[in-house]
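Listed features, source TrEMBL:
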COMPBIAS  1-10  compositional bias 'Polar residues'
REGION    1-45  region 'Disordered'
DOMAIN    46-107  domain 'TSEN34 N-terminal'
DOMAIN    223-296  domain 'tRNA intron endonuclease catalytic'
ACT_SITE  251  active site
ACT_SITE  259  active site
ACT_SITE  290  active site
């Protein structure tokens, strides 16, 4: 199958009416996946997992994947400005395609520490026993506080009197018999150490979902990865395009310096697309000043697995 490069500029202002125009595509040399042919061995990054989400915590890992042109999405709050979401910090959430590309380059390692199976069960048992001991200790302290408050209230209102001592003793005994401390009132100590490869691995083991299977074997995931790999090999940067109704946002350079030029939509060669859907996505691309890129994997593969994707660009055209 012929490989094509979409080199259509982004939509400009002034094109308001008219149907979308299917622009021509041209052949190009086969792309090379960045990092595959490097002589130096790739830097291995540690991927942690929370449920099935691949996360990066270490600064050097974030710099390493950014050096490979992988962007991801920051999720964490900054310690000094937690009540905002304009500027976020670690961890970095990887796209499934980004994680698969790193695994293909042998550049990932499992960062979850602590054993599984029997060892994890023992850790859970120890954790529950510690919680029970903490609950009992807090119950005793809460009872002492309640008795101190009762003693202070009764002695301050009956100073110098001998009669209330018997009543006070009875109230204290009744409080001791009837006092309850619910589990929901228990204070739980949370670790404030920075999470990472070498911090709090005992506690983080409880958040791990027993090494969930994250591999996606459906045809849609395979097609998305083939398109992601091909575009990344051409030097483009990609992020998720869920809010734009596509699969990927395609940037000509680092997203910190450039706006996205394309909205990539992955379609198989034999899939049908109704005219209404074509109009809707082309109009959306026009409104956000981006060109819609229909990406169809399949066909002839170049040596090394590159290429094999056809690109068709849609751009809203003015009336002639």
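Each Cβ is built from the backbone N, Cα and C atoms, and glycine gets one as well.
Keep in mind it's a predicted model, so treat the numbers as computed, not measured.
Minimal Cβ crowding within 10 Å, among the active-site residues 259, 290, is found at 259.
Here the CA atom of residue 251 (active site) lies 10 Å from the CA atom of residue 290 (active site).
Contacts of residue 251 (active site) defined by a Cβ separation under 8 A and a same-chain sequence distance of 6+ are given as 236, 237, 238, 239, 258, 259, 260, 261, in order along the sequence.
Each residue in the domain 'tRNA intron endonuclease catalytic' (223-296) gets a DSSP state, and the totals come to 27 helix, 19 strand, 28 coil.
In the domain 'TSEN34 N-terminal' (46-107), the DSSP tally of helix, strand and coil residues is 18 helix, 18 strand, 26 coil.
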